[in-house]
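According to Swiss-Prot, the protein has these features:
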DOMAIN    50-80  domain '4Fe-4S ferredoxin-type 1'
BINDING   CYS60, CYS63, CYS66, CYS109  [4Fe-4S] cluster 1 binding site
BINDING   CYS70, CYS99, CYS102, CYS105  [4Fe-4S] cluster 2 binding site
DOMAIN    90-119  domain '4Fe-4S ferredoxin-type 2'
Amino acid sequence: MTLKELVVGFGTQIRSICMVGSNAFKKRETRMYPEEPVNPPPRYRGRIVLTRDPDGEERCVACNLCAVACPVGCISLQKAETKDGRWYPEFFRVNFSRCIFCGFCEEACPTTAIQLTPDFEMGEYKRQDLVYEKEDLLISGPGKYPEYNFYRMAGMAIDGKDKGEAENEAKPIDVKGLLP
């Protein structure tokens, strides 16, 4: 071992000690999580919830677009129909042990029924407890879009009623009558 190698080795040791010493008095970036609350950013994609429309009914119309858009296939549902012709999910299941929280289901939903909340604390001891059913996902409020009601906006026909006869729906305009 030469004198040059000793000086270089000693210099690197001194540089490392100085670096550790300079960082010892800086502000810590690590948060002590359970004691200090963590505030996620405003557009954080966390747990999935199902919302209700302003009338208190389920917004989900079981169109199955969310399940098709999901890249990992963690959403499953079965469509059923009420007496007045409206669709609803007979069951709606999300497997959070597979979910990657990408938000594709929220983007695909035409009724804004699926919304992602900033809730991220979903630790469980058994994987089966991470499979949420419709009752676990439904919240009492309308979520991010309080005034939106899919059936009023879409103008979908309801059993026994023609277009324009449903609640809060105008008669269709005869386009041919507008021609000169």
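The backbone N, Cα and C atoms fix where each Cβ goes, and this holds for glycine too.
Positions of Swiss-Prot features highlighted on the structure.
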| residue | record | DSSP class |
| --- | --- | --- |
| CYS60 | [4Fe-4S] cluster 1 binding site | coil |
| CYS66 | [4Fe-4S] cluster 1 binding site | helix |
| CYS99 | [4Fe-4S] cluster 2 binding site | coil |
| CYS105 | [4Fe-4S] cluster 2 binding site | helix |
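Sequence-ordered, the extra residues of this chain that approach the [4Fe-4S] cluster 2 site, with Cβ no more than 8 Å from the Cβ center of CYS70, CYS99, CYS102, CYS105, are ILE48, CYS66, ALA69, PRO71, VAL72, CYS74, ILE75, ILE100, PHE101, GLY103, PHE104. Looking only at the binding-site residues CYS60, CYS63, CYS109, the one with its C-alpha closest to CYS70 ([4Fe-4S] cluster 2 binding site) is CYS109. Sparsest Cβ environment among the binding-site residues CYS102, CYS109 (other Cβ atoms counted within 10 Å): CYS102. Here the binding-site residues are CYS60, CYS63, CYS66, CYS105, and the one whose Cβ sees the fewest other Cβ atoms within 10 Å is CYS63.
When the binding-site residues CYS60, CYS63, CYS66, CYS109 are compared by Cα distance to CYS99 ([4Fe-4S] cluster 2 binding site), the shortest distance belongs to CYS66.
Taking only the Cα positions, the spacing between CYS60 ([4Fe-4S] cluster 1 binding site) and CYS105 ([4Fe-4S] cluster 2 binding site) is 12 angstrom. The two recorded residues, CYS102 ([4Fe-4S] cluster 2 binding site) and CYS109 ([4Fe-4S] cluster 1 binding site), have Cα atoms 14 Å apart.
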